[in-house]
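Peer 1: One structure follows; several queries about it will come next.
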Amino acid sequence: KGYVRITEALLSHLSFRDAHRLTASPAQVDMLDDFYAYDEDGTRFSHDVTPVILAAHCQEYEIVHTLLSKGARIDPPHDYFCGCDSCNYQQQYDSFSHSRSRINAYRGLASPAYLSLSNEDPVLAALELSNELAMLADIEKEFKNDYSRLSNQCKDYVVGLLDLCRSTEEVEAILNGETDCDDSYEMPGRPSLTRLKLAIKYELKKFVAHPNCQQQLLSIWYENLPGLRQQTTAVKLLVVLAVAIGLPGLAVAYWVTPCSRVGKVMRSPFMKFVAHASSFTIFLGLLILNAADRFAGTTLLPNMTHHQQPGSPQLKLDPLLLHRKTTTPFTWMEILIISWVMGMIWAEVKEIWSQGPGEYLVEPWNFLDFGMLAIFLASFSCRFSAMKQADLAQAYVYKHCKTLIHLPPEIHYFTL
(Lines of atoms letter the chains of each structure in order from A and count residues from 1; the text may use other names and numbers.)
(Lines give C-alpha, C1' and ligand atoms only; values in the text may rest on other atoms or scores of the structure.)
Protein backbone atom coordinates (compact mmCIF):
# COMPACT_ATOMS: atom_id res chain seq x y z
CA LYS A 1 0.00 0.00 0.00
CA GLY A 2 3.00 2.32 0.28
CA TYR A 3 2.60 3.32 3.94
CA VAL A 4 6.12 4.42 4.83
CA ARG A 5 5.53 4.93 8.56
CA ILE A 6 4.04 1.43 8.94
CA THR A 7 7.02 0.00 7.06
CA GLU A 8 9.47 1.80 9.36
CA ALA A 9 7.56 0.62 12.42
CA LEU A 10 7.68 -2.99 11.22
CA LEU A 11 11.38 -2.79 10.40
CA SER A 12 12.18 -1.40 13.85
CA HIS A 13 10.90 -4.66 15.38
CA LEU A 14 13.46 -6.97 16.93
CA SER A 15 12.60 -9.68 14.43
CA PHE A 16 14.31 -7.71 11.68
CA ARG A 17 17.66 -7.43 13.42
CA ASP A 18 18.66 -10.43 11.35
CA ALA A 19 19.19 -9.05 7.83
CA HIS A 20 18.74 -12.56 6.41
CA ARG A 21 14.98 -12.22 6.81
CA LEU A 22 15.04 -9.31 4.35
CA THR A 23 17.39 -10.82 1.81
CA ALA A 24 15.97 -14.36 1.72
CA SER A 25 12.73 -15.11 -0.04
CA PRO A 26 9.65 -15.97 2.07
CA ALA A 27 9.91 -19.59 0.91
CA GLN A 28 13.51 -19.77 2.15
CA VAL A 29 12.69 -18.17 5.50
CA ASP A 30 9.66 -20.42 5.91
CA MET A 31 12.00 -23.39 5.93
CA LEU A 32 13.73 -21.96 9.01
CA ASP A 33 10.78 -20.64 11.01
CA ASP A 34 7.22 -19.45 10.60
CA PHE A 35 8.08 -15.76 10.30
CA TYR A 36 6.11 -15.51 7.05
CA ALA A 37 2.96 -17.39 8.04
CA TYR A 38 1.34 -18.56 4.83
CA ASP A 39 -2.21 -19.82 4.77
CA GLU A 40 -2.93 -23.16 3.25
CA ASP A 41 -4.64 -21.43 0.34
CA GLY A 42 -1.46 -19.49 -0.46
CA THR A 43 -0.91 -15.77 -0.54
CA ARG A 44 -1.35 -12.77 -2.81
CA PHE A 45 2.32 -12.91 -3.80
CA SER A 46 4.61 -15.67 -5.05
CA HIS A 47 6.88 -17.37 -2.55
CA ASP A 48 9.91 -15.89 -4.32
CA VAL A 49 8.82 -12.26 -3.84
CA THR A 50 10.84 -10.55 -1.12
CA PRO A 51 9.79 -7.24 0.46
CA VAL A 52 12.35 -5.28 -1.58
CA ILE A 53 11.21 -6.97 -4.82
CA LEU A 54 7.59 -6.10 -4.02
CA ALA A 55 8.52 -2.49 -3.16
CA ALA A 56 10.44 -2.23 -6.46
CA HIS A 57 7.44 -3.63 -8.37
CA CYS A 58 5.22 -0.98 -6.80
CA GLN A 59 7.74 1.83 -7.49
CA GLU A 60 7.82 2.83 -3.80
CA TYR A 61 11.04 4.85 -3.70
CA GLU A 62 10.99 5.61 0.02
CA ILE A 63 10.26 2.02 1.03
CA VAL A 64 12.95 0.71 -1.35
CA HIS A 65 15.41 3.17 0.18
CA THR A 66 14.46 2.09 3.70
CA LEU A 67 14.84 -1.60 2.87
CA LEU A 68 18.19 -1.00 1.15
CA SER A 69 19.46 0.85 4.21
CA LYS A 70 18.54 -2.24 6.26
CA GLY A 71 20.68 -4.46 4.02
CA ALA A 72 18.03 -5.86 1.69
CA ARG A 73 19.13 -6.61 -1.87
CA ILE A 74 17.73 -8.30 -4.97
CA ASP A 75 19.99 -11.14 -5.99
CA PRO A 76 20.35 -11.34 -9.80
CA PRO A 77 19.05 -14.67 -11.12
CA HIS A 78 21.56 -17.25 -12.25
CA ASP A 79 22.39 -17.61 -15.91
CA TYR A 80 19.69 -19.32 -17.97
CA PHE A 81 22.06 -22.19 -18.77
CA CYS A 82 23.31 -22.50 -15.17
CA GLY A 83 23.75 -26.12 -14.11
CA CYS A 84 24.14 -25.69 -10.34
CA ASP A 85 22.30 -27.96 -7.90
CA SER A 86 19.81 -25.26 -6.89
CA CYS A 87 18.80 -24.46 -10.47
CA ASN A 88 18.56 -28.13 -11.41
CA TYR A 89 16.38 -28.88 -8.38
CA GLN A 90 14.01 -25.96 -9.05
CA GLN A 91 13.77 -26.87 -12.73
CA GLN A 92 12.83 -30.45 -11.90
CA TYR A 93 10.52 -29.58 -8.96
CA ASP A 94 8.50 -26.82 -10.71
CA SER A 95 9.93 -25.34 -13.89
CA PHE A 96 7.09 -22.81 -14.25
CA SER A 97 7.60 -21.39 -10.74
CA HIS A 98 11.33 -21.24 -11.46
CA SER A 99 10.74 -19.18 -14.59
CA ARG A 100 8.25 -16.89 -12.86
CA SER A 101 10.68 -16.31 -9.98
CA ARG A 102 13.33 -15.23 -12.51
CA ILE A 103 10.88 -12.81 -14.11
CA ASN A 104 9.85 -11.39 -10.72
CA ALA A 105 13.50 -10.81 -9.82
CA TYR A 106 14.19 -9.10 -13.15
CA ARG A 107 11.07 -6.95 -12.72
CA GLY A 108 12.52 -5.75 -9.44
CA LEU A 109 16.00 -5.19 -10.90
CA ALA A 110 14.55 -3.26 -13.87
CA SER A 111 12.41 -1.04 -11.65
CA PRO A 112 13.42 2.65 -11.89
CA ALA A 113 13.19 2.88 -8.11
CA TYR A 114 15.67 0.04 -7.59
CA LEU A 115 17.96 1.14 -10.45
CA SER A 116 18.18 4.65 -9.05
CA LEU A 117 18.76 3.73 -5.41
CA SER A 118 20.87 0.58 -5.51
CA ASN A 119 23.52 1.43 -8.15
CA GLU A 120 26.35 3.92 -8.06
CA ASP A 121 26.08 4.18 -11.85
CA PRO A 122 22.40 3.69 -12.78
CA VAL A 123 23.06 4.41 -16.48
CA LEU A 124 25.58 1.58 -16.80
CA ALA A 125 23.37 -0.78 -14.77
CA ALA A 126 20.32 0.01 -16.93
CA LEU A 127 22.24 -0.43 -20.20
CA GLU A 128 23.73 -3.76 -19.15
CA LEU A 129 20.39 -4.99 -17.81
CA SER A 130 18.51 -3.98 -20.96
CA ASN A 131 20.97 -5.96 -23.10
CA GLU A 132 20.73 -8.97 -20.78
CA LEU A 133 16.93 -8.88 -20.91
CA ALA A 134 16.95 -8.55 -24.71
CA MET A 135 19.12 -11.67 -24.93
CA LEU A 136 16.78 -13.54 -22.57
CA ALA A 137 13.83 -12.54 -24.76
CA ASP A 138 15.48 -14.40 -27.64
CA ILE A 139 16.33 -17.42 -25.47
CA GLU A 140 13.10 -17.87 -23.48
CA LYS A 141 10.61 -17.63 -26.32
CA GLU A 142 7.61 -18.40 -24.10
CA PHE A 143 8.27 -15.29 -21.98
CA LYS A 144 9.54 -13.12 -24.81
CA ASN A 145 6.95 -10.37 -24.32
CA ASP A 146 7.75 -10.06 -20.60
CA TYR A 147 11.49 -9.78 -21.13
CA SER A 148 11.10 -7.43 -24.09
CA ARG A 149 8.86 -5.15 -22.04
CA LEU A 150 11.40 -5.08 -19.19
CA SER A 151 14.25 -4.40 -21.63
CA ASN A 152 12.33 -1.44 -23.10
CA GLN A 153 11.60 -0.26 -19.56
CA CYS A 154 15.35 -0.06 -18.85
CA LYS A 155 15.92 1.81 -22.11
CA ASP A 156 13.13 4.29 -21.33
CA TYR A 157 14.69 4.80 -17.90
CA VAL A 158 18.02 5.89 -19.45
CA VAL A 159 16.25 8.14 -21.94
CA GLY A 160 14.25 9.63 -19.07
CA LEU A 161 17.50 10.51 -17.29
CA LEU A 162 18.62 12.45 -20.37
CA ASP A 163 15.28 14.30 -20.32
CA LEU A 164 16.02 15.47 -16.78
CA CYS A 165 19.39 17.04 -17.68
CA ARG A 166 19.52 20.80 -17.31
CA SER A 167 23.19 21.56 -18.11
CA THR A 168 26.08 20.37 -20.26
CA GLU A 169 27.80 18.98 -17.18
CA GLU A 170 24.86 16.68 -16.42
CA VAL A 171 24.69 15.43 -20.02
CA GLU A 172 28.44 14.72 -19.96
CA ALA A 173 28.04 12.81 -16.70
CA ILE A 174 25.50 10.49 -18.34
CA LEU A 175 27.39 10.05 -21.63
CA ASN A 176 30.85 9.61 -20.12
CA GLY A 177 30.16 7.65 -16.96
CA GLU A 178 33.27 7.36 -14.77
CA THR A 179 35.63 10.29 -15.26
CA ASP A 180 38.78 8.35 -14.34
CA CYS A 181 38.60 6.20 -17.47
CA ASP A 182 41.60 3.97 -18.15
CA ASP A 183 41.16 4.21 -21.91
CA SER A 184 44.47 5.81 -22.81
CA TYR A 185 43.68 5.73 -26.55
CA GLU A 186 41.46 8.79 -26.26
CA MET A 187 43.02 12.21 -26.71
CA PRO A 188 43.61 14.11 -23.45
CA GLY A 189 40.78 16.46 -22.63
CA ARG A 190 38.30 14.77 -24.96
CA PRO A 191 35.23 13.08 -23.42
CA SER A 192 35.42 9.29 -23.38
CA LEU A 193 31.69 8.82 -24.17
CA THR A 194 31.88 5.29 -22.75
CA ARG A 195 28.16 5.12 -21.95
CA LEU A 196 27.24 6.41 -25.41
CA LYS A 197 29.47 3.79 -27.07
CA LEU A 198 27.77 1.15 -24.93
CA ALA A 199 24.35 2.43 -26.02
CA ILE A 200 25.44 2.21 -29.68
CA LYS A 201 26.71 -1.32 -29.09
CA TYR A 202 23.37 -2.34 -27.57
CA GLU A 203 21.45 -0.50 -30.35
CA LEU A 204 19.64 1.86 -27.97
CA LYS A 205 18.41 4.21 -30.69
CA LYS A 206 16.25 6.43 -28.50
CA PHE A 207 19.23 7.27 -26.30
CA VAL A 208 21.62 7.98 -29.17
CA ALA A 209 19.04 10.03 -31.11
CA HIS A 210 17.99 12.08 -28.07
CA PRO A 211 18.32 15.85 -28.70
CA ASN A 212 20.45 16.37 -25.59
CA CYS A 213 22.83 13.64 -26.73
CA GLN A 214 22.99 14.89 -30.30
CA GLN A 215 23.63 18.47 -29.20
CA GLN A 216 26.57 17.30 -27.09
CA LEU A 217 27.95 15.24 -29.98
CA LEU A 218 27.64 18.19 -32.35
CA SER A 219 29.69 20.40 -30.04
CA ILE A 220 32.39 17.71 -29.92
CA TRP A 221 32.20 17.26 -33.72
CA TYR A 222 33.17 20.91 -34.34
CA GLU A 223 35.82 20.97 -31.61
CA ASN A 224 38.50 23.69 -32.06
CA LEU A 225 36.55 25.06 -35.04
CA PRO A 226 34.57 28.00 -33.64
CA GLY A 227 32.04 29.45 -36.04
CA LEU A 228 32.17 26.67 -38.64
CA ARG A 229 28.98 25.11 -37.31
CA GLN A 230 27.00 28.25 -38.16
CA GLN A 231 28.45 28.56 -41.69
CA THR A 232 26.54 27.67 -44.84
CA THR A 233 26.99 24.43 -46.74
CA ALA A 234 28.97 26.22 -49.47
CA VAL A 235 31.56 27.45 -46.94
CA LYS A 236 31.88 23.96 -45.46
CA LEU A 237 32.43 22.49 -48.95
CA LEU A 238 35.19 25.03 -49.57
CA VAL A 239 36.82 23.99 -46.29
CA VAL A 240 36.63 20.35 -47.36
CA LEU A 241 38.23 21.19 -50.73
CA ALA A 242 41.01 23.20 -49.09
CA VAL A 243 41.79 20.36 -46.69
CA ALA A 244 41.86 17.84 -49.55
CA ILE A 245 44.31 19.97 -51.54
CA GLY A 246 46.56 20.81 -48.60
CA LEU A 247 46.38 17.38 -46.96
CA PRO A 248 50.11 16.49 -47.27
CA GLY A 249 51.18 19.81 -45.79
CA LEU A 250 48.63 19.61 -42.99
CA ALA A 251 49.72 16.05 -42.17
CA VAL A 252 53.38 17.08 -41.95
CA ALA A 253 52.44 20.08 -39.80
CA TYR A 254 50.49 17.80 -37.44
CA TRP A 255 53.43 15.37 -37.18
CA VAL A 256 55.93 18.15 -36.44
CA THR A 257 53.82 20.27 -34.08
CA PRO A 258 50.80 18.28 -32.83
CA CYS A 259 50.11 20.77 -30.01
CA SER A 260 50.13 23.87 -32.21
CA ARG A 261 47.01 25.64 -33.43
CA VAL A 262 47.09 23.69 -36.70
CA GLY A 263 47.55 20.45 -34.76
CA LYS A 264 44.56 21.17 -32.55
CA VAL A 265 42.41 22.02 -35.57
CA MET A 266 43.45 18.81 -37.33
CA ARG A 267 42.62 16.83 -34.20
CA SER A 268 38.97 17.87 -34.24
CA PRO A 269 36.59 15.09 -35.34
CA PHE A 270 35.27 17.12 -38.28
CA MET A 271 38.76 17.71 -39.71
CA LYS A 272 39.75 14.10 -39.06
CA PHE A 273 36.70 12.96 -41.00
CA VAL A 274 37.50 15.32 -43.90
CA ALA A 275 41.14 14.21 -43.91
CA HIS A 276 40.25 10.52 -43.90
CA ALA A 277 37.63 10.98 -46.62
CA SER A 278 40.08 12.99 -48.77
CA SER A 279 42.82 10.42 -48.27
CA PHE A 280 40.56 7.53 -49.26
CA THR A 281 39.32 9.47 -52.32
CA ILE A 282 42.93 10.02 -53.44
CA PHE A 283 43.58 6.31 -52.87
CA LEU A 284 40.64 5.35 -55.08
CA GLY A 285 41.92 7.78 -57.73
CA LEU A 286 45.33 6.11 -57.68
CA LEU A 287 43.68 2.71 -58.12
CA ILE A 288 41.67 3.95 -61.11
CA LEU A 289 44.73 5.55 -62.76
CA ASN A 290 46.79 2.44 -62.14
CA ALA A 291 44.09 0.28 -63.71
CA ALA A 292 43.77 2.67 -66.67
CA ASP A 293 47.35 1.84 -67.71
CA ARG A 294 46.27 -1.73 -68.38
CA PHE A 295 43.11 -0.94 -70.35
CA ALA A 296 45.03 -0.90 -73.65
CA GLY A 297 46.58 -4.29 -72.94
CA THR A 298 50.22 -5.31 -73.28
CA THR A 299 52.23 -4.61 -76.42
CA LEU A 300 54.39 -7.68 -75.91
CA LEU A 301 53.78 -10.91 -77.77
CA PRO A 302 54.59 -14.31 -76.25
CA ASN A 303 58.02 -14.82 -77.89
CA MET A 304 59.30 -11.21 -77.96
CA THR A 305 62.41 -10.30 -76.02
CA HIS A 306 61.89 -6.54 -76.33
CA HIS A 307 59.22 -4.14 -77.45
CA GLN A 308 59.21 -0.92 -79.38
CA GLN A 309 56.66 1.83 -78.85
CA PRO A 310 54.97 3.22 -81.98
CA GLY A 311 56.81 6.20 -83.46
CA SER A 312 59.93 5.71 -81.40
CA PRO A 313 63.33 4.99 -82.92
CA GLN A 314 64.67 1.45 -83.00
CA LEU A 315 65.61 0.33 -79.52
CA LYS A 316 68.96 -1.22 -78.80
CA LEU A 317 68.41 -4.97 -78.96
CA ASP A 318 69.60 -7.29 -76.23
CA PRO A 319 69.40 -10.88 -77.49
CA LEU A 320 69.61 -12.21 -73.94
CA LEU A 321 66.91 -9.98 -72.37
CA LEU A 322 63.82 -11.78 -71.07
CA HIS A 323 60.86 -9.63 -72.10
CA ARG A 324 58.99 -10.30 -68.80
CA LYS A 325 61.74 -8.37 -67.04
CA THR A 326 60.40 -5.14 -68.49
CA THR A 327 56.96 -5.61 -66.92
CA THR A 328 57.79 -6.65 -63.37
CA PRO A 329 59.26 -3.58 -61.57
CA PHE A 330 56.89 -1.46 -59.45
CA THR A 331 55.76 1.81 -60.95
CA TRP A 332 55.71 5.03 -58.94
CA MET A 333 51.92 4.81 -58.78
CA GLU A 334 52.05 1.31 -57.31
CA ILE A 335 54.55 2.49 -54.72
CA LEU A 336 52.09 5.22 -53.70
CA ILE A 337 49.29 2.64 -53.47
CA ILE A 338 51.51 0.42 -51.29
CA SER A 339 52.21 3.35 -48.95
CA TRP A 340 48.47 4.06 -48.66
CA VAL A 341 47.74 0.41 -47.90
CA MET A 342 50.45 0.33 -45.23
CA GLY A 343 48.81 3.35 -43.61
CA MET A 344 45.39 1.69 -43.65
CA ILE A 345 46.88 -1.48 -42.14
CA TRP A 346 48.40 0.60 -39.34
CA ALA A 347 44.99 2.23 -38.75
CA GLU A 348 43.36 -1.22 -38.48
CA VAL A 349 46.05 -2.35 -36.03
CA LYS A 350 45.37 0.71 -33.86
CA GLU A 351 41.64 -0.04 -34.00
CA ILE A 352 42.22 -3.64 -32.87
CA TRP A 353 44.48 -2.38 -30.08
CA SER A 354 41.93 0.17 -28.84
CA GLN A 355 38.78 -1.98 -29.16
CA GLY A 356 40.21 -5.40 -28.44
CA PRO A 357 39.97 -8.40 -30.78
CA GLY A 358 36.54 -9.42 -29.47
CA GLU A 359 34.88 -6.06 -30.18
CA TYR A 360 36.72 -5.77 -33.50
CA LEU A 361 35.38 -9.08 -34.80
CA VAL A 362 31.78 -8.24 -33.87
CA GLU A 363 31.53 -5.45 -36.47
CA PRO A 364 30.91 -6.86 -40.01
CA TRP A 365 32.52 -3.80 -41.67
CA ASN A 366 35.86 -4.81 -40.14
CA PHE A 367 35.74 -8.09 -42.07
CA LEU A 368 35.34 -6.08 -45.28
CA ASP A 369 38.33 -3.86 -44.44
CA PHE A 370 40.41 -6.85 -43.39
CA GLY A 371 39.56 -8.74 -46.57
CA MET A 372 40.38 -5.77 -48.80
CA LEU A 373 43.75 -5.18 -47.14
CA ALA A 374 44.55 -8.91 -47.23
CA ILE A 375 43.92 -8.98 -51.00
CA PHE A 376 46.17 -5.94 -51.48
CA LEU A 377 48.92 -7.58 -49.44
CA ALA A 378 48.58 -10.79 -51.46
CA SER A 379 48.83 -8.77 -54.69
CA PHE A 380 51.94 -6.91 -53.52
CA SER A 381 53.54 -10.16 -52.35
CA CYS A 382 52.91 -11.80 -55.73
CA ARG A 383 54.35 -8.80 -57.60
CA PHE A 384 57.41 -8.70 -55.39
CA SER A 385 57.92 -12.45 -55.76
CA ALA A 386 57.56 -12.17 -59.54
CA MET A 387 60.14 -9.37 -59.66
CA LYS A 388 62.56 -11.39 -57.55
CA GLN A 389 62.13 -14.49 -59.72
CA ALA A 390 62.59 -12.42 -62.88
CA ASP A 391 65.86 -11.02 -61.53
CA LEU A 392 67.09 -14.53 -60.74
CA ALA A 393 66.06 -15.80 -64.18
CA GLN A 394 67.74 -12.90 -65.99
CA ALA A 395 70.92 -13.42 -63.99
CA TYR A 396 70.80 -17.11 -64.88
CA VAL A 397 70.46 -16.27 -68.60
CA TYR A 398 73.37 -13.83 -68.59
CA LYS A 399 75.54 -16.40 -66.84
CA HIS A 400 74.65 -19.68 -68.55
CA CYS A 401 72.81 -19.02 -71.83
CA LYS A 402 74.28 -17.87 -75.12
CA THR A 403 70.92 -17.56 -76.84
CA LEU A 404 67.20 -17.58 -75.98
CA ILE A 405 66.25 -20.10 -78.64
CA HIS A 406 66.39 -23.05 -76.27
CA LEU A 407 65.76 -22.07 -72.68
CA PRO A 408 66.44 -24.48 -69.82
CA PRO A 409 63.40 -25.79 -67.90
CA GLU A 410 64.22 -23.59 -64.89
CA ILE A 411 63.25 -20.38 -66.73
CA HIS A 412 61.24 -21.63 -69.69
CA TYR A 413 57.96 -20.45 -68.16
CA PHE A 414 58.99 -16.80 -68.59
CA THR A 415 58.27 -17.02 -72.31
CA LEU A 416 54.90 -18.76 -72.01
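Note: Cβ is positioned from N, Cα and C throughout, glycine not excepted.
Under the heading domain 'Transient receptor ion channel', TrEMBL lists 82-144. Summarising the annotation, TrEMBL assigns repeat 'ANK' to 47-79. The feature transmembrane segment is assigned by TrEMBL to 237-257, 269-289, 330-347, 367-386.
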Peer 1: Using a Cβ distance cut-off of under 8 Å, indicate which of 269-289, 330-347, 367-386 has the most pairs with the transmembrane segment (237-257).
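Peer 2: Result: 269-289.
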Peer 1: Would you mind splitting the repeat 'ANK' (47-79) into helix, strand and coil residue counts from DSSP?
Peer 2: 16 helix, 0 strand, 17 coil
Peer 1: Could you break down the residues of the domain 'Transient receptor ion channel' (82-144) into DSSP helix, strand and coil, giving a count for each?
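Peer 2: Its residues divide into 53 helix, 0 strand, 10 coil.
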Peer 1: Considering every residue in the domain 'Transient receptor ion channel' (82-144), what is the mean pLDDT value?
Peer 2: 86
Peer 1: Same chain, outside the transmembrane segment (367-386) by at least 6, Cβ under 8 Å from its Cβ: which residues?
Peer 2: 328, 330, 334, 337-338, 341, 344-345, 348, 361
